[in-house]
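See structure below.
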Amino acid sequence: MVNEQIIDISGPLKGEIEVPGDKSMTHRAIMLASLAEGVSTIYKPLLGEDCRRTMDIFRLLGVEIKEDDEKLVVTSPGYQSFNTPHQVLYTGNSGTTTRLLAGLLSGLGIESVLSGDVSIGKRPMDRVLRPLKLMDANIEGIEDNYTPLIIKPSVIKGINYQMEVASAQVKSAILFASLFSKEPTIIKELDVSRNHTETMFKHFNIPIEAEGLSINTTPEAIRYIKPADFHVPGDISSAAFFIVAALITPGSDVTIHNVGINPTRSGIIDIVEKMGGNIQLFNQTTGAEPTASIRIQYTPMLQPITIEGELVPKAIDELPVIALLCTQAVGTSTIKDAEELKVKETNRIDTTADMLNLLGFELQPTNDGLIIHPSEFKTNATVDSLTDHRIGMMLAVASLLSSEPVKIKQFDAVNVSFPGFLPKLKLLENEG
């Protein structure tokens with residue numbers, strides 16, 4: 001990691017941009033295209049470090065993936081012709097790759113070992129291993145909780161599973177394993193979590209039924225899979241940094257085009273509207289993965305908010321930068337029910353509070369979230385992403401509230417999801 005990045009950007013921010021393709025959808029598109037025999041094309045994928053780890057693994061399994069002018073051309077021999085890997089499958093910093101492939105490789109019955117970087121080695125895997133073992137997967141981790149994960153051939157069975165947490169990664173691991181079961185699987189969710197796996201199964205011709213909090217699979221659904229082309233919308237989690245940047249920087253007027261606004265992911269839009277932020281959606285498309293252009297303008301006197309319940313999984317990855325936004329409200333805001341933040345790249349409850357407090361903001365971490373007081377940038381302490389891409393970008397946005405440059409250690413963590421983040425932010429500064 002680069003030791004230090006000096007962020008020296010001032011407002012107003014003005015202009016029109018696009019953000020990189022959605023990370024969650026890119027992962028799933030690569031996985032499904034690789035399972036389907038034939039040729040699939042993925043347009044405008046995210047080619048950050050996380051998604052490249054997923055690509056690398058499927059190449060080892062025998063899939064040809066070519067990068068060609070903002071698209072991936074995936075040519076697969078089909079899942080039945082995958083190679084048995086003779087080396088550890090390295091997932092890097094990608095929790096999505098690790099957890100979803102734990103389910104998929106268990107279902108395939110391919111003897112393999114999944115292992116990631118130091119950060120992944122600290123992230124709990126028991127929440128995925130428990131349901132997979134109920135499905136008779138032969139999968140073991142260190143202390144039944146940590147990578148490396150050792151997978152051996154097994155025959156997967158269907159289960160009726162009540163989710164313990166609102167986690168799209170856990171749900172998706174179960175769904176990918178269930179593709180190979182001779183019995184149906186039923187999943188009951190606590191709250192609605194992002195549903196990209198379900199929508200993309202359908203896109204690749206895999207039958208699945210989802211209604212309310214219940215999901216039902218079809219026995220041996222993998223036999224229905226067909227190759228398909230997929231257009232990846234812009235990642236709302238990446239757009240979130242520009243949404244907040246425009247809202248808190250005087251004189252700003254920013255438009256972001258082609259952003260995915262799947263209702264299971266669009267919590268930040270709901271939150272900004274509740275806070276009275278000046279945000280408008282237009283050019284909306286409908287379908288399984290709807291998109292829109294989003295215009296955001298500087299908004300003083302934002303209203304405080306309590307973020308809890310079903311709103312939390314709809315905005316889970318955006319909560320660090322939303323916490324920054326809440327420091328600019330006229331009263332105290334609260335984030336609750338967000339224990340899931342503890343098992344991200346860092347414990348994002350603690351890292352968000354610690355780093356913003358270093359800069360003079362006033363946040364109190366709680367067991368399941370944050371209490372955020374109206375507060376201002378007071379000191380130019382050196383801060384640290386702690387190798388967490390979303391913390392790094394959140395701190396860069398916070399620097400817009402400072403009249404002096406801000407130093408951020410390990411800033412190149414942002415390459416995990418948004419390799420061109422800083423140049424894009426500077427582009428808006430120059431246009432402003």
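Note: Cβ is positioned from N, Cα and C throughout, glycine not excepted.
Cross-referencing Lys188, Lys342, Lys344 with the 3-phosphoshikimate binding residues that Swiss-Prot gives (Lys23, Ser24, Arg28, Ser167, Gln169, Asp317) picks out Lys344. Taking each Cβ in turn and tallying the other Cβ atoms within 10 Å, the top scorer among the binding-site residues Ser24, Ser167, Gln169 is Ser24.
Ser24 (3-phosphoshikimate binding site) and Gly95 (phosphoenolpyruvate binding site) have their C-alpha atoms 11 Å apart, to the nearest angstrom.
The two recorded residues, Arg348 (phosphoenolpyruvate binding site) and Asp317 (active site, proton acceptor), have Cα atoms 9 Å apart.
Each residue contributes its Cα atom, and for Gln169 (3-phosphoshikimate binding site) and Gly95 (phosphoenolpyruvate binding site) these two points are 8 Å apart.
Secondary structure from DSSP puts Arg123 (phosphoenolpyruvate binding site) in coil. For Arg390 (phosphoenolpyruvate binding site), the nearest neighbour among the recorded positions Lys23, Arg28, Ser167, Asp317, Lys344, judged by Cα separation, is Asp317.
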